[in-house]
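J.: In case it helps, TrEMBL gives these features for our protein:
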type	residues	note
ACT_SITE	265	active site, proton donor/acceptor
DOMAIN	5-298	domain 'Peptidase M14'
């Protein structure tokens, strides 16, 4: 495993299994669900098993073509596991729940058939149409008609026939709601807008914790800028992009009550989804810096 190129699903899964083997005291791999086509959705948990810990969620490749997101979360996982005993308390007092590939079917499909595939590989009406998993969560699902998602199976924003119709979205819901540990942050990684965005996506009004989320986002953006000189903008989903209804971050904030819920849109506006592999490492480092800064911010507040 390295961060000099993009890897296939089997390599990513072998890598997290290896972390579990190498660091059995802190690393546990579990299968949190199965995809539409029956692939495992694997999660790595890094924890010192202290009952006072809070929980953090990181996921990547909910949209399968956004390969850089998987590179970033595997880099963060590797860094935390290998350096755990020398890291600050703001990292070690958390239980890290890391899902490197939330949409394994789509991820494989982008490597074998269609590099630009976004959705899962669900079949409706006998056709393999796929559902946009980040429109399949229950908060604001189907709001704003065609502006925030689509009821058309052929659309890249197809939301599915009902909230949580897809096993991949169910895996997130059941893992988080089934946890006995309180989640403090939910970070879902995407590409390519260079943004740090937070609820709401399904309506225009600011969310109740708008200022706190804005401040946490600004802390991350500053860390990124200091690391690499890249500027990430911060704001609510609707203000920064467009209506997005049924997103995981709106759900994690409103339903799962996770106070720091962010969607982090990684590089790059120039290369869009095809970020050159020589930018992987720099992207990983700037985001690690952002995540570390957010953890300090959370502990201070």
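Glycine is no exception: its Cβ is also placed from the backbone N, Cα and C atoms.
Bear in mind that TrEMBL entries carry predicted annotations, made automatically and left uncurated.
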J.: 10 Å Cβ neighbour count around the residue listed as 'active site, proton donor/acceptor'?
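T.: The residue listed as 'active site, proton donor/acceptor' is surrounded by 23 other Cβ atoms within 10 Å.
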J.: So what's the average pLDDT for the domain 'Peptidase M14' (5-298)?
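T.: For the domain 'Peptidase M14' (5-298), the model's average pLDDT rounds to 97.
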